[in-house]
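Asks: First the structure, which I've put down as structure tokens, then a few questions once you've had a look.
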Amino acid sequence: MIKQTPLTIRTSPHLKKGLTVPQIMRNVVYALLPVCAWAVWQFGISALAMIIVTTLSCMATEQLFTAISGKKSTLSDYSVVITGILLALTLPPGFPLWMAAVAGFVAVALGKMLFGGLGQNPFNPALVGRAFVQSITTWTPGFLPERFASFIPSSLALPFMSPADSSDWIAGQVDAYSSATPLSLFKFEQVTTSTQDLLLGMVSGSAGETSALLVLLCGGFLIARGIMSWKIPCAVILGALLTATPFWLMNADVYPTPLFVIFSGGLMLAAMFMATDMVGTPLTPAGIWIYGLFIGFLTVIIRLFGGLPEGAMYAVLVANALAPLIDSVTQPRAFGTRLKQQSGEEA
Amino acid sequence: MSFFNQPFTQKGFLRLPWQSKSFANGIHPEDHKELTERKPIRRMPFSNKIIVPLSQSIGAPAKPIVSKGQDVVRGEPIAEAGGFVSAPVHAPVTGTVAAVDELVSMPNGSKTPAILIDTWPSSDQTVRYLQPRDTSVMSADDLVKAVQDAGVVGLGGAAFPTHVKMKAPKGKTIKTLVANGCECEPYLTCDHRTMLEYTDNLLRGLQLAMVTSGAKKAIIGIEDNKMDAVEKIRQSIVARQLTNITCEAVPTCYPQGAEKMLLKSLLGLEVPAGGIPADIGCAVFNVGTLAQIGELVPQGRGLIERIVTVSGPGVSKPGNYIISLGTPLPFVLEQTGAIDNPGMIILGGPMMGMSIATRDIATTKGITGILVFTPEQLPNSHEPEMPCIGCRACVEACPMLLNPSMLGKLADVNRHQEMMDKFHLMNCFECGCCSNSCPANIPLTQKIRVAKQSIRQKARSAG
């Protein structure tokens, strides 16, 4: 009798697809890198510093929490890197870096680790962090001549220090100074920005929100790689279009064009990278359409009738909160449980 | 293209509803069929020891009717059916009965009674135990009896005694017969080769099943990655002028070969939850089973061998072999050039088959494939289990339209009753699509399996 090595026994299925959670997360990071690069090109080293600070702050927070609870480090699943980058992309460059670091801490601590870490957080952590610091945003214009040479002074403001007035610095670099975003321009001054500028990102705004086209392409990369479903981005954009069009048709002077709505502000970033954060989305096939359409709808309603120029962030957070409810009312009809069962006559 | 071959870009991503009919969801595992699909069926030599397990089908084990020391000829019955849902067993070789005892393991590791036959080295192993008959004059009942006497069971892997399905159950009529030639499991090609090389037997068997069941028409459903088989069968149908039999290609997608999925694809009908195909007037037979019926019933002999795909990275001579039932697994491995220290051996396909703990088994009627993997090339990844991130890959893979993610989470906290009441737990037929597609490597199928077991156990102890 030949000595035999023991055989491995496992339960079926014995075949696994190659895709793993860290691979998914890593691909999302890759997809976000061009958006980061554009932000740095547009806003300069303040934007770069912001991205680095929030990412490191988020990673450090996660590491701290796993160390305290005596678990294995979870940095290697890359999910916290996404949170850090997304947070930076939703904040305006020129935002004080210490506050960005606090936002990163809040995002991961409050938005993720307190719920139990990856897979347990009901809300998108980056948006939790952003919502925490929402009230203190100052918008930054892009393409300042000195943007690679020096920080926007407010970036380096320290806690309890009366912040250096960045508007003087900015005004010193641009002639016709305006730091308002296209959305606030529209909301408060009825000025529309050309769709082409919005697509290409030649406007002011948060670091990662400006180029709708680039965000669209990066999201498309994820969809093509099969990392992300096309359904949620489609539903969000469709929801926004469907909500904005009737208002625009009723009164084109007061309400923006549907194209302006979907390409301005953070809607595209929210549709591609925030709403699609897998953890907070419903699971059912019908549920994700309801979820996406609702985000698009709520974003437009907040923008048109709310006190804020931007609504995508709150729309995603509210939809995240509703996800379990949506799930419970949209359970799919299981195979073979059709209400009116066909008889054998048809066979 | 592996770059684009990821979960969400699979079936259904760009295929519009009217482009091809199929069931919802499913997955596309890499099929590895190129190893064996062009290899004609060859006969494997007879092992000098044949160990025939008595329990080779669902239902009662067969009862031995031979004793130690007795000589048997190839094809002779050596055990009779233990009940209606049971099938007799025939001698796969001419030889001498050396023992009737608990000799070999079942694939799950438990010992099972078997008949050991020492093969006569000098015998030419011709089947002389034949009772040729004219099937055209036989009644439906006689045909069903003939199928049972031949010991035919479902050769697609489930090994359900075929004669039970060949007559419509009481109160039901069978209108359509479906021959299942999908063979959606990766690696397996034995049905593909059967359809190409035994087309006449297949059509004859199908016609016999139509007689016994009273079905007016029959459809042969084949996945569209086997168009050569579709063409071959269509030509044969035309040549034989069989107007009530059609052959249709269905989209290549796992688990297309599950009978409920195939019926949905071919007829657009759903078998009611908890029901059987007869509930919608259908009966489904594996093509290999039909080919055996078409050959055995007119000849009047028993099922003594079957076609098995032996494949995987651990064998140097992969192929489709006619293997005598009861051939010990080590002999099969030796004949196909398997490596000495395989890491894993799977009986059946890699999606629903089982990995075995011991080589101390013999081939049975239900073994469709023997897959050998080297320790380095184990098909399952060693990634650790991670938390569910709600990516919906499992929901978009489940052909029964269940919510495996939710089922898995409820299983973790033992809420089995809720799984059954609210989430249709018992509809799961354990195809493995959810586990396969899960990027967090959560063994969803296994969790669901355990939950089903506990529900059944509870029902048993209550009733």
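Any Cβ shown, glycine's included, is placed from N, Cα and C.
Feature table excerpt (TrEMBL):
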type	residues	note
DOMAIN	B:378-409	domain '4Fe-4S ferredoxin-type'
BINDING	B:C388, B:C391, B:C394, B:C438	[4Fe-4S] cluster 1 binding site
BINDING	B:C398, B:C428, B:C431, B:C434	[4Fe-4S] cluster 2 binding site
DOMAIN	B:419-448	domain '4Fe-4S ferredoxin-type'
Asks: Using Cβ atoms and a cut-off of under 8 Å, determine which of the binding-site residues B:C388, B:C391, B:C394, B:C428, B:C434 neighbour chain A, and list them by sequence position, or give 'none'.
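Replies: Of B:C388, B:C391, B:C394, B:C428, B:C434, the entries that lie near chain A are B:C388, B:C391.
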Asks: Take the C-alpha atoms of B:C391 ([4Fe-4S] cluster 1 binding site) and B:C398 ([4Fe-4S] cluster 2 binding site) and report the distance between them in angstrom, rounded.
Replies: 13
Asks: Would you mind listing, in sequence order, the residues at least six apart from B:C394 ([4Fe-4S] cluster 1 binding site) in the same chain with a Cβ closer than 8 Å to its Cβ?
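Replies: For B:C394 ([4Fe-4S] cluster 1 binding site), the qualifying residues are B:P404, B:S405, B:G408, B:C433, B:C434, B:S435, B:S437, B:C438, B:L444.
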Asks: Other than its close neighbours in sequence, what residues sit by the domain '4Fe-4S ferredoxin-type' (B:378-409), given a CB gap under 8 Å and a spacing of at least six beyond its ends?
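Replies: Counting only partners 6 or more residues beyond its ends, the domain '4Fe-4S ferredoxin-type' (B:378-409) has Cβ contacts under 8 Å with 7-8, 12, 23-27, 255, 258, 260-261, 343-344, 350, 419, 423-425, 427-429, 431, 433-444, 447-448, 451.
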Asks: Tally of helix, strand and coil residues over the domain '4Fe-4S ferredoxin-type' (B:378-409) according to DSSP?
Replies: 6 helix, 0 strand, 26 coil
Asks: According to DSSP, which kind of secondary structure is B:C428 ([4Fe-4S] cluster 2 binding site) found in, if we only use helix, strand and coil?
Replies: coil
Asks: Give the distance between the Cα atoms of B:C431 ([4Fe-4S] cluster 2 binding site) and B:C388 ([4Fe-4S] cluster 1 binding site), rounded to the nearest whole Å.
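Replies: Here the two Cα atoms are 20 Å apart.
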Asks: Based on DSSP, tally up the residues of the domain '4Fe-4S ferredoxin-type' (B:419-448) by helix, strand and coil.
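Replies: Within the domain '4Fe-4S ferredoxin-type' (B:419-448) the tally stands at 18 helix, 0 strand, 12 coil.
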Asks: Enter the number of other CB atoms within 10 angstroms of the CB of B:C434 ([4Fe-4S] cluster 2 binding site).
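Replies: The answer is 31 other Cβ atoms.
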Asks: Give the distance between the Cα atoms of B:C388 ([4Fe-4S] cluster 1 binding site) and B:C398 ([4Fe-4S] cluster 2 binding site), rounded to the nearest whole Å.
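Replies: Roughly 16 Å, rounded to the nearest whole number.
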Asks: Just to verify: the residue among B:C398, B:C428 with the fewest other Cβ atoms within 10 Å, which of the binding-site residues is it?
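Replies: Lowest Cβ count within 10 Å among the binding-site residues (B:C398, B:C428) is B:C428.
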Asks: Given the recorded [4Fe-4S] cluster 1 site (B:C388, B:C391, B:C394, B:C438), which additional residues of the same chain have their Cβ within 8 Å of the Cβ centre, ordered by sequence?
Replies: B:I389, B:G390, B:R392, B:A393, B:P404, B:S405, B:G408, B:C434, B:S437, B:P439, B:A440, B:I442, B:L444
Asks: Neighbour count, 10 Å Cβ-Cβ cut-off, for B:C388 ([4Fe-4S] cluster 1 binding site): what number do you get?
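Replies: Counting Cβ neighbours of B:C388 ([4Fe-4S] cluster 1 binding site) within 10 Å gives 25.
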Asks: Mind giving me a neighbour count for B:C391 ([4Fe-4S] cluster 1 binding site)? Other Cβ atoms within 10 Å of its Cβ, every protein chain shown.
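Replies: 27, counting other Cβ atoms within 10 Å of B:C391 ([4Fe-4S] cluster 1 binding site).
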Asks: Within 8 Å of the Cβ centroid of the [4Fe-4S] cluster 2 site residues B:C398, B:C428, B:C431, B:C434, which other residues of the same chain have their Cβ?
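Replies: Here the nearby residues are B:C394, B:A397, B:P399, B:M400, B:L402, B:P404, B:F429, B:E430, B:G432, B:C433, B:L444, B:T445, B:I448.
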